[in-house]
Amino acid sequence: MLDKLLRLGEGRMVKRLKKVADYVNTLSDDVEKLSDAELRAKTDEFRKRIDGGEDLDDLLPEAFAVAREAAWRVLSQRHFDVQVMGGAALHFGNVAEMKTGEGKTLTCVLPAYLNALSGKGVHVVTVNDYLAKRDAEWMGRVHRFLGLDVGVILSGLTPDERRAAYHADITYGTNNEFGFDYLRDNMAHRLEDRVQRGHNFAVVDEVDSILIDEARTPLIISGPADAASNWYSEFARLAPLMEKDVHYEVDLRKRTVGVHEVGVEFVEDQLGIENLYEAANSPLVSYLNNALKAKELFQRDKDYIVRNGEVLIVDEFTGRVLLGRRYNEGMHQAIEAKEHVEIKAENQTLATITLQNYFRLYDKLAGMTGTAQTEAAELHEIYKLGVVPIPTNRDMIRQDQTDLIYKTEEAKFIAVVDDVYERYEKGQPVLIGTTSVERSEYLSKQFTKRKIPHNVLNAKYHEQEANIIAEAGRLGAITVATNMAGRGTDIVLGGNVDFLADKRLREQGLDPIETPEEYEAAWESTLNQIKAEAEEEADDVRAVGGLYVLGTERHESRRIDNQLRGRSGRQGDPGESRFYLSLGDELMRRFNGATLEALLTRLNLPDDVPIEAKMVTRAIKSAQTQVEQQNFEVRKNVLKYDEVMNQQRKVIYEERRRILEGEDLAEQAHKMLVDVVTAYVNGATAEGYAEDWDLEQLWTALKQLYPVGIDYHDLVDSDAVGEAGELTREELLDMLIKDAERAYAERERELEELAGEGAMRQLERNVLLNVIDRKWREHLYEMDYLKEGIGLRAMAQRDPLVEYQREGYDMFVGMLEALKEESVGFLFNVTVEAAPPAPSNRVAPVAAPPGLSEFAAAAAKAQEQTGQGAVATKERETPAPTLRAKGIDNDDTPPLTYVGPGEDGTAEVQRSNGGPRHAAPGGATRRERREAARKQAKTSKPTRRRG
């Protein structure tokens, strides 16, 4: 029903877009008459009009006409009307559903150019580094021709290179790179260390893959937490002793394990504990679950391999060994324990955000894909994105044959090889889609036996994938590919002309970035030569039926099946597709496999005779719909839990931004001082009369905070108050606040004598930034711990999400109170010394970042220069003093670990060498780590100054 409601306005939107395209066409004649210089000058003209108040929507027809003409002159490619319609849909903040081969990459040029004119930046998001680099070079030629800067964000770039790329008018990159840069910016200790400049407009290529498939895995930056626990090994010993369906049950569909009461008793007996689920033992539940998952759900040589004593993850879809990546939440350690290899330490979360919440930061979001209709409801519900199906430039004449279902996998693959051999004999190109590297290698062996030449895409490098895919439409080409491999490159009958022309020019030593003038000069003649060769071959391919797409298994998502089919029949070309299935396929086993097997048994058909039945097709569609719904629920659940963190993250990141931008924090520091003293007094005077108050204990606590100038004995005995019973809470609080303000003013004078005027403001920034970061990390750790055990609340008939929201809020409020107390203590008690100012224009070394106080000093200097929140100081030409606060700075730089979604949506892990300065406290279990963290917090609390 929701799908139908969402599609009600589609027709009206398409008509509106058609009118836009028609209007752009009326401007084409005038634009074509312009010289190259005049066309380029249009960019400056548009910018002036925007500065004058003209709206981007009003500029759209002219800007699109200019960009279309530039693409024709630079790439010899002119946008079709449907591409102009797609570009307009993107500008209006929609998902443009454009079939494979309709030119989504070229379509993106139009809205990217228009929105870049505002000067606020445009981000074009792709699924991998190769596509980001390719599109930045390829489409960047058009933008550079029109006078715009184009940047690309790739893994491995330095911060300076990233900053330059973000300050370009249009920036290409992957979702993970954009997201991690956002998180790193909010861990930076100097304003100039940030690289992004805002979130204006993003166009997401393959939007279904990025916003849906990959949205189950949040982006996480983490650092080392502790040494590995011996509990992993202990539970790895217990797991083989436990029996499936006796001690525990396994749900393959949801990839979960559930421990029965018998299993709990078994573990309790083995460990010699009375109650596994009591608070002191609750961390052990996580070790048990991970050990059982490692045993039942993670298979060696399928999900991972063991090489040189190390557990390496294998990408199920592409078959790549994911070097340097690890499962999170203790899962990787559980597998290491199972395989008896070295167990490496867990990581502690330092910063995290979901892709859903990252992309909702943008003022305007748009996306392109060939297959979005099946997820229109989710895109609307989570991102408020409408899906607009763009008509094809030419009618699609591909023939989609019905599925063939075999009883066994062996019979299925024999039939596949026979079918491919027949097609190869007549020269028809074939693309065979598999769901895993294991099956693609098996098929490759069968083809080799039959002497069928072929290419296999178990690619380790996207560039090699693209090379093979670009030639997969040539006469007699047989290509075996996993479903996710080679996306972003068209399979063009006769070969991809642009790709082949670029390849030939690069072979001649020409490059669009390194040698742009020579590259452009040779482009047109090379392109024409390739075109003639390819068109002749394309006619031969059309004569034998076009590209034949053969799927060897249904994917759990209909969208992936449609993507595979969509490889064939582009731009009105002939084509054909068919899926070969068996009862041994993963999807069939998970849903209704037994029913179908019983049916085939009753029919008494031989193994090599397939069936074609609507009932089977319906069963498959039902199974896929169920999986899609389950995955949607997982993504919604991830978002609901992250929404709690998102509100808290906004508060912390906004506070950090204010500090980095040099805002005067004197008023905030004063408020914190008053709040902390008030909290101390409230705690001491909460119950009873004045004579019952333990003023000695209150004074002891206050002396740990600041140098108290009042003796409570004098206070009680003074004539002003009289007897102790006459002392009111308000009088006590008023006296102590005035005393604390006196002490703070004295502290400020001391620092100014030591390091000059403005020194206290500098220390406030230094301390606040340090304490916020440390408390936020501790809070993330506590929230991780809370979320890990919150599911158990369901056993008490409580909604885990509601409990998480309530307790998470309470913990956040508690963290803010602790932040105030610790900040005030440091401001009074930290030992400060003046350091000589750094020479101007000095370049900081890359390997070792300066201490926190130097960071704050730099921020203070920047603040003085900009005049924002300036402190009243005497004019002077000498450099601002630099403070060094002992006990705050810590120059340790443990390696950072980045966890984000891979192209198939599963978590992937990467490491770097630099990181934040504070590692988490050590300990064997999470509970032990918490205790260690608390002890460390206590010992690191500031003590009273002496002297």
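Cβ coordinates come from backbone N, Cα and C, glycine included.
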Residue among D490, D498, D502, D511 sharing the ATP site, where Swiss-Prot lists Q83, G101, E102, G103, K104, T105 as binders: D490
Candidate with the highest Cβ count within 10 Å, taken from the binding-site residues Q83, T105: Q83
Cα-Cα distance maximum in Å, computed over every pair in Q83, G101, E102, G103, K104, T105, D490 that the record assigns to ATP: 16
Three-class DSSP secondary structure - Q83 (ATP binding site): helix
Proximal but sequence-remote residues of the same chain as G101 (ATP binding site) (Cβ under 8 Å, at least 6 apart): D490, I491, V492, G566, G569, R570, Q571, D573
Fewest Cβ neighbours within 10 Å, where candidates are the binding-site residues E102, D490: D490
Which same-chain residues, if any, lie at least 6 apart from G103 (ATP binding site) yet have Cβ under 8 Å of it: Q77, H79, F80, Q83
Neighbours of Q83, G101, E102, G103, K104, T105, D490 excl. site residues, C-beta within 8 Å of centre, ATP: M98, T100, L106, T107
For K104 (ATP binding site), nearby residues of its own chain (Cβ under 8 Å, 6 or more apart in sequence): G86, A96, M98, D205, M368, T369, G370
Assigned element (helix, strand, coil) containing G101 (ATP binding site), judged by DSSP: coil
